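Asks: Pasting the relevant annotations from TrEMBL:
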TRANSMEM  A:17-35  transmembrane segment
TRANSMEM  A:42-64  transmembrane segment
TRANSMEM  A:98-123  transmembrane segment
TRANSMEM  A:190-216  transmembrane segment
TRANSMEM  A:237-258  transmembrane segment
TRANSMEM  A:270-298  transmembrane segment
TRANSMEM  A:310-329  transmembrane segment
Amino acid sequence: MDAILIQILNGLDKGSAYALIALGLTLIFGTLGVVNFAHGALFMIGAFCAVTLQKILTLSVTTIDPERTDFLGNPMKVQTPYVENWFGPEMGATIIDWAVPLAILLAIPVMVLVGFVMERGLIKHFYKRPHADQILVTFGLAIVLQEVIKYFYGANPIPTPAPSAFKGSLDIGVWLGFDPYSIIYPYWRLVYFFFAGIIIAGVFAFLQFTTFGMVVRAGMADRETVGLLGIDIDKRFTLMFGLAAAVAGLAGVMYTPILSPNYHMGMDFLVLSFVVVVVGGMGSLPGAVLAGFLLGILQSFASMNEVKSLLPGIDQIIIYLVAIVILLTRPRGLMGRRGVMEE
Amino acid sequence: MLGLERKDTLLLIAVAFITLFAPIILNPFPAGSALAQFNAGYPDLMQRFVIFGIFAIGFNILFGLTGYLSFGHAAFLGIGSYSAVWMFKLLSMNVIPAIVLSIIMAGLFALVIGFVSLRRSGIYFSILTLAFAQMSYNLAYSVLTPITNGETGLQLTLSDPRILDGASTGGLPVTSLFGAEMRDTTTLFVGPWSWDFSVGYYFCAVLMLLAFYLSVRIFRSPFGMMLRAVKSNQQRMNYTGLNTRPYTLAAFVISGMYAGLAGGLLAAMDPLAGADRMQWTASGEVVLMTILGGAGTLIGPVLGAGFIKYFENIFSKINDGILHQWFAFMPDGLENAMVAVIHPFIGKGWHLTLGLLFMLVVIFLPGGLVEGAQRTGRLFRRRDKNADHVESDAARQRAAAE
Amino acid sequence: MGILEVKGVNKRFGGLQALGDVNLSVKENTVHAIIGPNGAGKSTLLNCLVGKLIPDSGSVMFDGQSVLGRKPHEINQMGISRVFQTPEIFADLSVLENVMIPCFARRDGAFRLHAYETVRKEAGIREQAETMLADVNMLEKRHMIASSLSRGDKRRLEMAMCLVQTPKLLLLDEPTAGMARADTNNTIDLLKEIKAKRDITMCIIEHDMHVVFSLAERITVLAQGTPLVEETPENIKGHPKVREAYLGEAQV
Ligand SMILES: Nc1ncnc2c1ncn2[C@@H]1O[C@H](COP(=O)(O)OP(=O)(O)O)[C@@H](O)[C@H]1O
Ligand SMILES: [Mg+2]
């Protein structure tokens, strides 16, 4: 029982990331009809917002401390981050410590802007072009974005730790009446899970309760009719793209303590997220979220040693296998509407 | 000739001429001159031109004709390479059995993967092929290590059985065609020029010409017409009594076999095979070659492959030192600025250039280089015609004046 | 026994009963018209005949064999060709190629790996296609790309593609919709000519009564998914149920 629970918990954080990326992909596909292969790159840019903020916050002045000497007997050079100078050592250290959550504040405007520029500058011109062209041009963009990041940040993963308050793990087992240490779960993963929950709830609430959201949902159901009503769909689409970009970016920001950001993380997650979208049902938002969590959990089950010894390599391919089976037996996915992209 | 129309025969002859004289044509700059770095006429690079040419020609039979966009074709390339290396390890260093096995294995995998993936079309097909390729890649890296040798990649060892060749003495044996070693190269010096003629290149080149000829035949065949009909309107195909599934599957398998041949040749030139050859970015590369050259055209994929492999090679070799030489004539500040601007796109930044190129082609030139050439051609022709008009007008005026 | 026997066919789309207990018998070598207001289920009925839709219940027999459960291409190979309401042609191919493809389909069956043959050397196929194009007055347009044809020409092309297959049963879904008067008359003449030349059964959906009365030997009136009457053209004029069906539409 506790073994199963552990796997479910382990699957949650990956599942959350899949769900968030797939949610954005689905929003874009459902509203704009665009297949965005650069969506993983948005996730990566989000992660690098956290890296950037961390770098900015740790920018330091070098001062000479005459009272201390290094072991050559010279006065010691001390690096003090500007923030510690400005806010005092303790406050400054706390700010640096909290770089990752603070990066959310940086990521929201950055991601929305990136989204706007992408949609206005590129995607807009591809609404009427075939899906193959959309895939190709966004694939090219994904390569460009990842190479730009590599150019500025190098090829190695950059560790971006969680605030020290969230280091360590929670002994969930004890809560649930199992033996101590039977189920332990890192705090930050819990944070990520709740964070994802809030974002997902936020997006759904936004679509459900605002007029903007209503129009968008109507547009997803039937684009032509909404266009005929004379509603300026274009502007909303741009906003939608910005929103989807922000969701992917925030997913990236908060994921950095779990996976040290590297330039190819976007591509890695993209392929899986597409699979998630397909499994959930192309164009279905709840489907994307459900499939994201399901596949995350499934993957973590497949990486149990018991399973791996039974079916070697299953952890590497389980998601793809599921996707293939779903595509062949139920092309509209778990929750997709009939007829959407069914061929 | 050869069952081809005049136009196609001329094209084939032109391609044959260029490939056979490539060692000369691609080395226009004297060895040792400053521009020699732009020479592409050395065996290693020329081999890659023709091998990736084969890969792209095959991809084009699927994508160019039927419109099915596979994002997993690198898997067949990888399978071809692994098969060939195994043949070198177990049977013989002769390249023929290795290549035959590469083609067969890639064909079998394509049959299975195609059978499943082709049940869907559009982006679903793309995602299915992508999923299969990623699965192959992940498996090659992990559980299939006994077959693929995991991260290190599959290599020859001294203890390999090589049943037909007998025990090897001394160092590792080299690949050969009935005794003619692939790496054998004759260098011809003519004045300041030097030209390398290598067995390996000519072996690949002949196979590419064969592959190209076959693709021309397919394009001009009733089968090719059916494939274009699939791209145009599957519904009408079905209601015309044609079963689209075997047509697309045949195209998929044929293009998989081309990829297998390319993979086998890669291994025949350099007998090692790694999983990274199967990664989906590698699949993206062949898509790019085909589109850049011109999907659905005969010569496009070959051009695209050559173009990309050439610039990959040149761009990744250029470094800041070379840039400084080039811009040395400028004032220092400007020189440094130029170098700084270009720096991200060269050397390791080749992929950035590639990505940008990809976008530019899809945005501005969906028909690829071939369309670009046609457009330029038309532009000139129109200009000539205008010139004619002007002249004839002038002549008429003159006549009227007299 | 007719060449086409439809018995008790039902088809629902969600809550909508598109076809309700349809019985239809089309005699060999006759022209049978199906008329009825928009949304009556005429196209849906054809869809059930060619394998595009599978009826919820009932049977469809063609030439003594059931078509249900067969794939569209198999049904076509049995001898049923269909002209669609919105033209289905190979838009990216030339007019000649459009007509050659059905010729290949008839000669080589549903699939053949003729990858090493050459289209240019298929003189017989080409001749067949060109003769057909001449019959529909489109020979001089044979090198045009089909997508650049006018609406009327696209329809004629599709008809040529179906006729060149020499089907036993030709289904025509509003073949003259959107055509000018002259073209409509040409189409009538063409169909009559084909009819006179060889054995063919036609099932034609049409709103233009001129076309219907020029061609049809039997007429079935369909309304709300159910056949109301089946009669000869003489008896159908002024038939109360027909007026009812069309008046019903007019009131909407
Ligand atoms: N694939 C479908 N899904 C749902 N409803 C359909 C479908 N095809 C047709 N219908 C409905 O069935 C009814 C009959 O349509 P149709 O057969 O096209 O009529 P018509 O007699 O004008 O050709 C219409 O109300 C139409 O909306
Ligand atoms: Mg209709």
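Using N, Cα and C of the backbone, Cβ positions are placed for all residues, glycine too.
TrEMBL labels come from automatic prediction, so no person has curated them.
Thinking about packing and proximity, how do these listed features fit into the structure?
Replies: Within the chain carrying the transmembrane segment (A:17-35), a Cβ under 8 angstroms from the stretch's Cβ atoms is held by residues 42-43, 119, 123, 126-127, 131, 134-135, 138, 192, 196, 199-200, 203, 216, 219-220, 223, 236-237, 240-241, 243-245, 247-248, 250-251, 255, 269-270, 272-274, 276-277, 280, 282-285, 287-289, 291-293, 295-296, all 6 or more beyond its ends.
Long-range neighbours of the transmembrane segment (A:190-216) within the same chain, counting only residues 6 or more positions beyond its ends whose Cβ lies under 8 Å from a Cβ of the stretch, are 12-13, 16-17, 19-20, 23, 27, 31, 162, 166, 170, 226, 231, 233, 236, 239-240, 243, 247, 250-251, 254-255, 258, 285, 289.
For the transmembrane segment (A:237-258), the list of distant contacts is 13, 16-17, 20-21, 23-25, 27-28, 31-32, 39, 42-51, 100-101, 103-104, 107-108, 110-116, 118-120, 123-124, 160-162, 166, 188-189, 191-192, 195-196, 199, 203, 206, 212, 216, 265: same-chain residues at least six beyond its ends, Cβ to Cβ under 8 Å.
Long-range contacts of the transmembrane segment (A:310-329) within its own chain (CB-CB distance under 8 A, at least 6 residues past either end) are made by residues 272, 275-276, 278-279, 295, 298-299, 302-303.
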Asks: What else in the chain is close to the transmembrane segment (A:42-64), if you only count residues 6 or more beyond its ends and a Cβ gap under 8 Å?
Replies: 17, 21, 24, 75-83, 85, 95-96, 99-100, 102-103, 106-107, 110-111, 114-115, 145-146, 149, 153, 158, 160, 244-245, 248-253, 255-256, 261, 263, 265-266, 269-270
